[in-house]
Amino acid sequence: MFERFTDRARKVVVLAQEEARMLNHNYIGTEHILLGLIHEGEGVAAKSLESLGISLEGVRSQVEEIIGQGQQAPSGHIPFTPRAKKVLELSLREALQLGHNYIGTEHILLGLIREGEGVAAQVLVKLGAELTRVRQQVIQLLSGYQGKEAAEAGTGGRGGESGSPSTSLVLDQFGRNLTAAAMEGKLDPVIGREKEIERVMQVLSRRTKNNPVLIGEPGVGKTAVVEGLAQAIVHGEVPETLKDKQLYTLDLGSLVAGSRYRGDFEERLKKVLKEINTRGDIILFIDELHTLVGAGAAEGAIDAASILKPKLARGELQTIGATTLDEYRKYIEKDAALERRFQPVQVGEPTVEHTIEILKGLRDRYEAHHRVSITDAAMVAAATLADRYINDRFLPDKAIDLIDEAGARMRIRRMTAPPDLREFDEKIAEARREKESAIDAQDFEKAASLRDREKTLVAQRAEREKQWRSGDLDVVAEVDDEQIAEVLGNWTGIPVFKLTEAETTRLLRMEEELHKRIIGQEDAVKAVSKAIRRTRAGLKDPKRPSGSFIFAGPSGVGKTELSKALANFLFGDDDALIQIDMGEFHDRFTASRLFGAPPGYVGYEEGGQLTEKVRRKPFSVVLFDEIEKAHQEIYNSLLQVLEDGRLTDGQGRTVDFKNTVLIFTSNLGTSDISKPVGLGFSKGGGENDYERMKQKVNDELKKHFRPEFLNRIDDIIVFHQLTREEIIRMVDLMISRVAGQLKSKDMALVLTDAAKALLAKRGFDPVLGARPLRRTIQREIEDQLSEKILFEEVGPGQVVTVDVDNWDGEGPGEDAVFTFTGTRKPPAEPDLAKAGAHSAGGPEPAAR
């Protein structure tokens with residue numbers, strides 16, 4: 001852009017830097033550019049401002065009033081603020097709109113006015129110069145100074161070529177001149193694609209079949225290579241054969257659109273080709289080259305590819321194509337005659353280091369657009385995090401998108417007015433309404449008082465808005481690595497941002513949180529807690545899942561419930577768990593339902609039950625319930641998931657499992673646990689029983705699963721049988737759910753120790769675990785309590801106490817019955833139920 005600046009415009013930039021140094025500012029903002037324009041003194045901008053009574057001293061004093069002096073003089077290079085960069089971009093647009101091939105002082109001033117939000121615009125308004133009036137003055141003076149400023153242009157504009165009107169009427173209608181866009185500075189810089197650009201130049205310089213086609217994955221920079229070629233042509237960095245060439249991109253959609261009758265499309269395409277032949281200096285760029293095949297071929301008409309083939313073969317038409325690997329294979333390779341006319345140029349995905357260099361090259365454009373400052377750490381984070389966590393897209397596109405959205409996010413946050421300004425607006429509106437009511441009531445004394453209040457509020461609001469605009473908006477906001485991580489977290493649901501103090505505390509207390517739902521099972525709770533902490537601290541193996549466990553042990557001891565509790569801890573919802581019942585996959589052919597049916601089979605387009613869910617929620621807990629019931633082929637498919645953290649679905653897409661926790665539950669080796677010690681509870685030799693069961697479970701797992709499957713599992717956890725104390729604690733949890741339902745009816749529920757003990761005795765089975773406990777509570781407590789509520793024996797405002805008759809606490813309790821007594825809740829203790837017996841709104845029970 002700076003090569004288009006006139007000598008006076010360049011002098012303005014130098015003077016702006018000097019003004020920044022004088023004010024001890026370590027940046028060049030719009031205010032310094034304005035000072036430079038006035039200080040220059042001879043250009044159209046200076047004359048325009050002088051005619052409006054704007055002096056250098058007046059502007060300086062206003063700048064010092066709004067911003068003030070800096071602490072110390074800056075050393076070395078002083079950078080432009082994003083807003084100042086935006087002004088310089090706008091000056092180029094103003095020059096192009098006026099048909100000038102140079103950027104003079106007047107264009108910089110017009111850019112300042114068009115930007116309209118910086119300190120410079122505030123200063124002009126404060127000094128009584130309306131922005132529209134300043135613009136009119138510049139345009140008026142331009143008529144007298146245009147010839148003089150053009151003489152200053154020097155090397156700017158490359159001899160005025162960009163100012164000449166285009167003669168390519170048809171091409172301008174159906175395409176876009178990339179060389180003109182490059183000359184006007186509208187194209188982003190191209191970083192590190194020298195080899196690809198050189199290869200394209202070599203193919204274009206051939207005598208025949210001089211048509212390169214850029215092949216690469218979406219988002220790797222195929223179009224950027226062509227834009228780089230256009231910039232090389234503009235800068236003269238091409239061989240003699242390509243000098244003075246014009247690079248046009250053809251829009252096939254525009255060619256086809258509106259062609260209602262047979263022959264319309266062919267006629268348009270022939271006109272384009274005729275114009276290219278007449279000009280002789282046109283290189284055609286067709287993005288999405290595969291759209292040539294079949295384009296316009298309705299009702300028997302020949303398609304665009306067939307029309308272009310003869311000219312491509314004879315070298316009469318030079319074309320650059322771009323398409324993806326899949327589309328090239330699907331469309332171009334099938335048409336051998338078309339394929340041989342194009343020479344493939346592979347465009348690979350850049351490395352993370354190369355992507356960082358690309359982002360640094362684009363930084364100025366995004367800073368100017370979003371009016372923020374983007375740190376080096378943000379660019380490194382964008383490249384590395386995008387490469388690690390966004391697996392279905394390619395660099396540098398996904399990293400650029402992260403930077404772009406983070407900048408947009410920061411700008412939106414800063415441009416939102418503070419809440420106190422909205423409060424002022426509400427108070428002013430209220431004062432006006434009250435004033436009008438007072439006038440209608442002819443209470444003029446009150447109306448005068450309200451008028452004064454309104455004026456005071458308006459003045460206070462104006463002062464607060466001035467502070468906001470001159471303070472917050474002129475402090476350049478920074479986009480750093482933390483904001484990049486937050487944007488990525490919003491995209492993928494993977495929490496990669498830094499741990500807050502609250503989350504750190506919560507993670508350290510994770511076992512305690514899980515034990516609110518899980519009774520006992522210390523080993524299992526510790527294992528999953530460590531896996532989650534490892535992931536959030538960033539220390540897990542980046543190529544494997546966050547954790548993989550086999551939960552083995554008797555039925556009904558909390559294996560599935562722990563998985564649900566973990567999902568609830570991470571996402572706040574039990575439904576966040578991806579639960580796969582492996583009993584549905586006992587046949588070999590049912591494996592395709594998990595990963596997606598192969599082509600040609602029913603359900604191919606739908607995707608797999610597992611792969612689709614994980615693809616949409618990559619940070620999740622996946623539970624494979626009762627894994628031993630699945631077919632052996634499924635275990636083979638899961639080996640790659642456990643080792644490499646990825647799996648290819650039926651449609652060839654790679655699904656990332658690196659941020660999932662994989663849990664397999666199994667009941668293997670526990671079928672003979674039916675002879676407990678004592679009355680259904682583990683006592684005395686319980687630890688020996690557990691070790692015996694653990695050994696048997698491990699032996700059964702080794703028999704059932706292949707060694708390569710078990711070897712990839714992080715930990716095999718054998719759950720304990722439940723003890724008497726744990727069953728009684730489960731009673732408390734389950735009763736809390738019933739009490740929570742009663743609380744909505746203004747009732748409370750209290751169970752005596754005897755009632756809890758009898759429920760535990762009747763509800764526990766050594767084979768089925770604690771699952772029967774839920775049915776026992778439903779039968780003995782909920783059913784009887786519902787009848788008493790319907791018979792109005794108990795009601796709102798009462799505490800229902802459940803006790804036991806005919807049981808001494810030791811025997812089998814076959815004749816024991818539960819009794820329900822309703823008493824009025826004391827007024828002083830409205831939360832008696834909560835204090836007395838685990839009443840209100842506890843978590844879901846863990847009797848599984």
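Each Cβ is built from the backbone N, Cα and C atoms, and glycine gets one as well.
Worth saying up front: this structure is predicted, and the values here are computed from it rather than measured.
Look at Swiss-Prot and you will find 2-144 tagged as domain 'Clp R'.
Looking only at the region 'Repeat 1' (5-70), the predicted model's pLDDT averages out at 82. Sequence annotations record features per position, and here Swiss-Prot assigns region 'Repeat 1' to 5-70 based on sequence analysis.
Positions annotated as region 'Repeat 2' by Swiss-Prot: 80-144.
Among the features that Swiss-Prot reports, region 'I' is placed at 171-418.
Residues annotated as ATP binding site in Swiss-Prot: 216-223, 553-560. In the three-state DSSP reading, Lys559 (ATP binding site) counts as helix.
Away from its own ends, the domain 'UVR' (425-460) comes close to no residue of its chain (no Cβ-Cβ distance under 8 Å at least six residues beyond either end). Per Swiss-Prot, domain 'UVR' is recorded for 425-460, and the stated evidence type is sequence analysis.
For 479-670, the entry in Swiss-Prot reads region 'II'.
Cβ crowding, taken as the number of other Cβ atoms within 10 Å, peaks at Lys559 among the binding-site residues Lys222, Lys559.
When each of 80-144, 171-418, 479-670 is checked for Cβ pairs under 8 Å to the region 'Repeat 1' (5-70), 80-144 comes out on top.
Here the binding-site residues are Gly216, Pro218, Gly553, and the one ringed by the most other CB atoms within 10 angstroms is Gly553. Each of the binding-site residues Val220, Val557 was scored by other CB atoms within 10 A of its CB, and the lowest score goes to Val220.
Mapped onto three states, the DSSP output places Lys222 (ATP binding site) in helix. Residue environment of Ser555 (ATP binding site) contains 20 other Cβ atoms, counted within 10 Å of its Cβ in all protein chains.
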